[in-house]
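Have a look at the structure below before the remarks.
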Amino acid sequence: LPRSPPPAVSAHFVNQGPFCSQVILVQVNPGETFTIRREDGTLQCIQGPAEVPMMSPNGSIPPIHVPPGYISQDNTGVWRVVVTPHSECYPPSYSPALSPTHHLPPPYMTHPHFIPTSPAAYYPPASHGDVGPHQYYQHRLAPIYPEGKHVSKIQARSALVSWARAPRAGASGRGQADGAPPTCSYELLLADKGSDGKYRVVYSGEELQYTLTDLRPATDYHVRVSAACNSVKGPDSEARTFTTHSAPPDIPLPPRLSHRTKSSLTLQWKVAPSTCWHTSQHTGKKNGVFRECYFGHQRHFKVMRLCPAVGYTFRVAALNDIGPSRFSTEMVFHTTGSLPQMSVAPRLLRAGPSWLVLEWTRPSSCSPEEEPVYMLEMQDESKVKCVGTELSSKVEDLSRSTQYKFRLSACSAGWRSAPSSVLVCRTGADRPGPPTAPAISDVTPHSFRVTWDPPQDDGGCGDSTYLLEKSEGTSEAIGQWEVAYRGPLREHVCDGLRAATLYSVRVSAIGTGGHSQSTESVLACTLSLPPGPCHPPTIQVPAKHREVNLQWACDGENESLLYSVEMRGPEQEEDDVTQVYHGTQTECTVASLLPGATYRFRVCAANDAGNGPYSDFLEVTTAAGPPGQCAAPVVSLTSHTCAVVSWEADRSSGADISGYRLSWGQDQDSLELVYSGTDTSYEVSDLEAAVSFCCRLQAVNQVGASPYSEPVWCRTPAAPPDAVAGLRVREAAPSPDRSEPFSPSTCLALAWDEPRCNGQEISHYTIAVGDDHVASSTTCHVIRELQPDTEYSVQVRAENAAGAGPFGPCLRVRTRPLPPPAPRLECAAVGPQSLRLRWGESGKGPLTNQVTYILQMEDRNQRFVPIYRGPSRTYRVQRLSESSRYTFRIQAVSEAGEGLFSETCSFSTTKSVPPTLKAPRVAQLEGNTCEVTWENVPPMRGDRISYVLQVLGGRESEYRQVYKGEDTTFQLSGLQWNSDYRIRVLACRRCLDTSQELCGSFSPSTYFSPRRSPSASAGGAAVAGAASTRGLTDEQFASLIVLGVASFSIFIAYLLQLLI
């Protein structure tokens, strides 16, 4: 419960009879929340205002403990807990949201309705005792059962279920907190598959009774009721069983026809499944009155003694002990009979834009008792438009102004008469839509042209009559519309108008279906008066052969005038002119004219009002010029090496043609002059087959040369390939085949250059080896199974779809002798970083001096790579890793070819000795003690390095060892003053895997002599100077000599440069 505002909780004792023992009702005030735990462990929160019933099945009422600040009262059997103002519901150390689960004390552990749970669902105790302040309790909900279920008014398809109100706290004189009576809702559940079957809710509400409907007769049903009060739902009550009464059978299905003749009809029917037992009754109808024709248990019956070609109406009903059912739907069946005569053609009664009303008469051959069915068919639709007994029909959804054809046939007793004659009729037209908005064009000072398009919907009337109306002024100031045109045309010229005046026009369409709406009015304004005539144009500069410069003048010139210049060519008709200029300038240059031709020019001025009259013509003759562009020549191929080029003479330049120039080449960039003369044809020979060529023509006269004609392309036909060239022998096969190894002694690897195919792809090559011929599809081939050291004559030719080409030059080749065998590989010397290998003769015969050896070594990727190729029989492999194993193989190669590789051989390198150290350094300390230092050698592949220091001094003839260890410094003591000493050092490597010690070479010796000196620093310097002077190595001495010679050479060169 929330801490603020404080809630009020009241407990009421209610006796619930046999359903439960004592019930405590917990009242939750508005705005409060009461949280409880169910038997399955889940929590349920109940919002106030509400009353929560809590039950104790064994009848004992546990004591109610209240926390500090609460008051517990007992008033007429009602326990009420009230929170005093300014009190806290929980101790300061207690959190209503987070708290561990507590256990009940021993006195309440056996009570089945006190369940430990979260602190939000507990009340803290109010007094001291064996219930501590940290223990809390909770009740679970008590069930609510409605009482007194009663089923009455049971009918065949309904029943009334009523029940008593669920027991509430109001029975002891108390309602809800606000004084209103408590409300409960009830749910009624129904099942028809037994008391333990699946129930469905058929009612939910606050009423205490409900009428069940849509029940099945003679069926057992089971009902249960449950109540829910203030969001608390009780369990379902015990099931109550009742059985509905029996009822008459359901309506049977309509009968159906299984067989018929002229005098009988065989019928079948089915009875509804809800009928307990049935007796079928079948009734036939004649002359509007039904009579019974069968009564019994069968579901089929044959009606006899009927009239032919007559329709009979039947219905069926079922009967049981309760009574008969209602009759089924009536069905009409006809006996067979004679075919009625041809029907009379239908007649058109009325016609509309989308419908037609037709009528017809009854056939005279039908008896008064027959009711024939009429079928009205329409052509081009392939479907029946009307089926029935009426003598008229309205056919709808038709197209307007469309012709339709109809015919009628009658059906009687399943037979259909012959169709009637065809009725041809047409639907009417509809009112047309408005035309499109009119367009104004050709506006002059006194007229303008109005055009419009027909309406999108002409109403089906076809050609329409258009009504053009005009009015002076704008649409807002239109006075009266007057008809300007009425007719079928879609354009009209409105003339007789006033200049510079605004007019409004509109158009409407008139058809057989009516008059359409008018279009929106369109404004048109007439122009002002056009300008006067211009003076004829003049020529200030003599005419050239391609252009003429014209000038003109006009009375009353102004900047708003536009001038139009028209030209008539030498071959144009009198009325055929071409506009060559339109602008505001009074001069222009007319270009692209023909040389030596006569042209006529005239000019007119125009303004907003229109064009003025044209001036008189000016006749001008252009000067003679070079020929015009020649027409494209015609190329005719006579063979794949010859072509004939012809062309027509050009006479449009105003001067005679003096010659032609023909250029020929494989593309436009490589065109060359192949002919120059007066002929109009030329034969080009010595062409290549299947090659595209380009040519162009140029004409020349006394004035100059014409532009080149358009290029003309042609392609010579295909021919057999050319002769094969470049036949040669290759050292190895182009694509080695492991299944067939290549041997130069028995194989020849031939290759040749691909010849020109001459327009057809080369299909294969024929190789002639002596008298034998071999086919190949590529430009390289390997001929096998030849004799070693034998000479052969080889020729190759190419073939394509056009034929076989000639053989190429003959090539004489000789196969090689058999290749030498591989020698035996041995290791002559082993080092830490090198292996010296040697090989000798194989023992099968002496090797010549022309043998080359190829030595290969296996790399990290297990691939053999060549490391040596030459005639030597020994090779030193260097730059190897110490103590490593390497694999080698060798191959002998001679002029006969490459021999096989030898078997692989593996050799291992040794471990490296430490390097030679530099000369040690000596520094004199105090007294006769000196400190010796030398360079450090890092560990070699994990092997530790130790050092050996030896000293030679005085009259000693051999060095003596004074130190062995891993340090790089050592102090010598007990030395004699002014005595000469030499010192050297070497490095030793101790192998961890073999415990072997490998020692390197001694370093160069260092000379020193201990001397007395006033200070240790001076003595140290003297010793160091002596060691430096006496310790000069051979390499240092050689470097000094080289440096001196170089300096002297530079000095001599400088002197010679000065002298020169």
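Glycine residues also receive a Cβ, built from the backbone N, Cα and C atoms like all the rest.
For reference, TrEMBL has these:
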DOMAIN    145-247  domain 'Fibronectin type-III'
DOMAIN    251-338  domain 'Fibronectin type-III'
DOMAIN    342-430  domain 'Fibronectin type-III'
DOMAIN    434-532  domain 'Fibronectin type-III'
DOMAIN    533-625  domain 'Fibronectin type-III'
DOMAIN    626-719  domain 'Fibronectin type-III'
DOMAIN    733-818  domain 'Fibronectin type-III'
DOMAIN    819-912  domain 'Fibronectin type-III'
DOMAIN    916-1013  domain 'Fibronectin type-III'
REGION    236-256  region 'Disordered'
TRANSMEM  1037-1056  transmembrane segment
Under an 8 Å Cβ to Cβ limit, what residues of the same chain, 6 or more beyond the ends of the region 'Disordered' (236-256), are close to it?
145-146, 149, 151, 154-157, 159, 161, 163, 189, 191, 195, 199, 215-226, 267-272, 274-276, 278, 280, 282, 314-331
When secondary structure is assigned with DSSP, how many helix, strand and coil residues does the domain 'Fibronectin type-III' (533-625) contain?
0 helix, 40 strand, 53 coil
Could you name the stretch, out of 434-532, 626-719, 916-1013, with the greatest number of CB pairs under 8 A to the domain 'Fibronectin type-III' (733-818)?
626-719
For the region 'Disordered' (236-256), jot down how many residues DSSP puts in helix, in strand and in coil.
0 helix, 5 strand, 16 coil
For the domain 'Fibronectin type-III' (342-430), the mean pLDDT of the predicted model:
79
